[in-house]
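Here's the structure we're looking at; comments come further down.
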Amino acid sequence: PVNFLQELPSYRSIARKRTNIPSRDKQSGTLLKPTDSYSSQLEEGIAENLNSQSIRKYALNISEKRRLRDIQETQMKYLSEWDQWKRYSSKSWKRFIEKAREMTTHLELWRDDIRSIGGKFGTGIQSYFSFLRFLVLLNLVIFLIIFMLVLLPILLTEYKITNSSFVLIPAKDIDIQCTVYPISSSGLIYFYSYIIDLLSGTGFLEETCLFYGHYTIDGVKFQNFTYDLPLAYLLSTIAYLALSLLWIVKRSVEGFKINLIRSEEHFQSYCNKIFAGWDFCITNQSMANLKHSSLRYELRADLEEERIRQKIAERTSEETIRIYSLRLFLNCIVLAVLAACFYAIYRATIFSQEHMKKEIDKMIFGENLLILYLPSIVITLANFITPVIFARIIHYEDYSPGFEIRLTILRCVFMRLATICVLVFTLGSKITSCDNYSCELCGYNQKLYPCWETQVGQEMYKLMIFDFIIILAVTLFVDFPRKLLVTYCSSWKLMQCWGQQEFAIPDNVLGIVYGQTICWIGAFFSPLLPAIATVKFIIIFYVKEMSLLHTCRPSPRQFRASNSNFFFLLVLLIGLCLAVIPLTISMAHIPSSKACGPFTNSNTTWEVVPKTVSTFPSTLQSLVHGITSEAFAVPFFMIICLVMFYFIALAGAHKRVVVQLREQLSLESRDKRYLIQKLTEAQRD
């Protein structure tokens, strides 16, 4: 038997690796462990951990688990009453947690709708709707943060719910010209003026709590304390940005781990889908059909990417040079398109800001609305045209379907988010520049922008509303008529070439990331914008679901949801980082308005923080100054680097262990094939 075991492939592989290590024992007994001893060691380990671990987690059959449970119950009899109570309470708590998790899965928003979409159209489109649900929850939480910190104290005081009053501190060392904030006079108002106000945020909406200028309050005085509203306003902005960052990073890490596991070996991915992809909890026939469809779409995506990889491996040197030269030329075209769009947005913003101060009665309704929405119209046109150009270009670059999706999204996200940055920085340049007189009096262009934060909030509000109108208009007046024409006029050659609408995942993802970036930037200037974004995304979910089910067809190019979930969040993280840049500049460098807002007594928004720290006790002030000093920052940075290097080394060690375990699994499979081959030969003899 020993000679027979020495013929196994695993033994030969280990023997070859140990030929250069003479000190190791090479006897067969040390290389191959009997199965009985292994199982006995496993049982001993399980018996030792029965008190702290659940039997359910061990890979044993039902009879073994029952026997171990009997052993566990026998051990319970010899424990004290206190230990027995702790054991029973721990089990009860675990059961409660499991039941609570089951209940939360049933309470999950749009759970059945998203699962149905995943079965009919694939996990890629399902991941888009899951991503949209995440943004709905994120904006709802952001609105609750702003409501609790800013709106609630004001509402309690305005409606006399609590015994509190507003605190108004008179401005000091500020010129009277800087505090002038002309409000539109209420006289004979045309009906269409209300429509313009509703669409642009001007007029009656400008004086509501929707915009920054409404919060011209220095504090709310309750019975026992004074609520510092400027500090709360600033902290709410920092809080929702930090929450968004942590939430996105948390979901990205989860998706990255799944993506990393699935991308290690493609054969393993196939085996997981074929042999371990079925959900045995499914008892409904319709849900079983949905699961079949979902698995079939994932296998199609895997096969398509495998075909592309094989095609890349078979390329010659001439073909490689040709394709890279073509890609370089096409990327130059992409850069030229982006530069043209940015310049058009810059000129449209300048033109709109120079002509928007005209009286309404001097221009007709359409002209006034066109002037107000000119930057939004140009941005929307650029967002419509560039994805079409990029989609045409990407077909000639010969990438895999998954990489085509990611590269198209990268180009479009740079286009969409950069357009917002161009708009904001153009507004910033107009706010901080004066044509015929000096800005030293107020620090900004007070003549054109007496409350510049409100006017920036109005621009973000217009972008949000116009984007929502365009999404509804395209769905109602383009997608549905196209479906009717393709269905009832299919004999026309034009309809055959046009075909049924395909659900373009990059365009739809970029649309909601674009809207979320507007929300992040505009929430500081328009505190109720997250609530508007929440309602907008809820309506978009149902509109897109109806459009998908009734007007769209599954994409012929499929891709995996594991890649898309992580990449969607990565694009969203890029949008968050770009949103932080203009917010930081506006809060730290541009002087705050002296005519409106909670920061009228501060030079900049961030100046509230040093003023608050100066009111702390001397000991706490020293602590805060020490934490924010370079003497603390440099050692802290070094410690963070050491911790990072430690985790990098730990990850490398774990990776080597995983490689060794995979080698052992491969050798075990070879041993099984060898033994089956020998057994077959013995039966033939």
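Placement of Cβ uses the backbone N, Cα and C atoms for every residue, glycine included.
Here TrEMBL flags 131-156, 231-249, 328-349, 370-395, 460-478, 520-543, 564-585, 632-653 as transmembrane segment. The domain 'TMC' feature in TrEMBL is assigned to 451-562.
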Other parts of the chain folded back onto the transmembrane segment (520-543), taken as Cβ under 8 Å at six or more residues beyond its ends: 110, 129, 132-133, 135-136, 139-140, 142-143, 146, 150-151, 201, 209-212, 215, 236-237, 240-241, 244, 420, 424, 453-454, 456-458, 460-461, 463-464, 468, 471-472, 475, 512, 575-576, 579-580, 582-583, 586-587
For the transmembrane segment (564-585): best-contacting stretch of 131-156, 328-349, 370-395, 460-478, by Cβ pairs under 8 Å: 131-156
Tally of DSSP helical, extended and coil residues in the domain 'TMC' (451-562): 86 helix, 4 strand, 22 coil
Same-chain residue ranges lying at least 6 outside the transmembrane segment (328-349) that approach it to Cβ under 8 Å: 374-375, 377-379, 382, 385-386, 389-390, 393, 396-397, 411, 414-415, 418-419, 422-423, 426-427
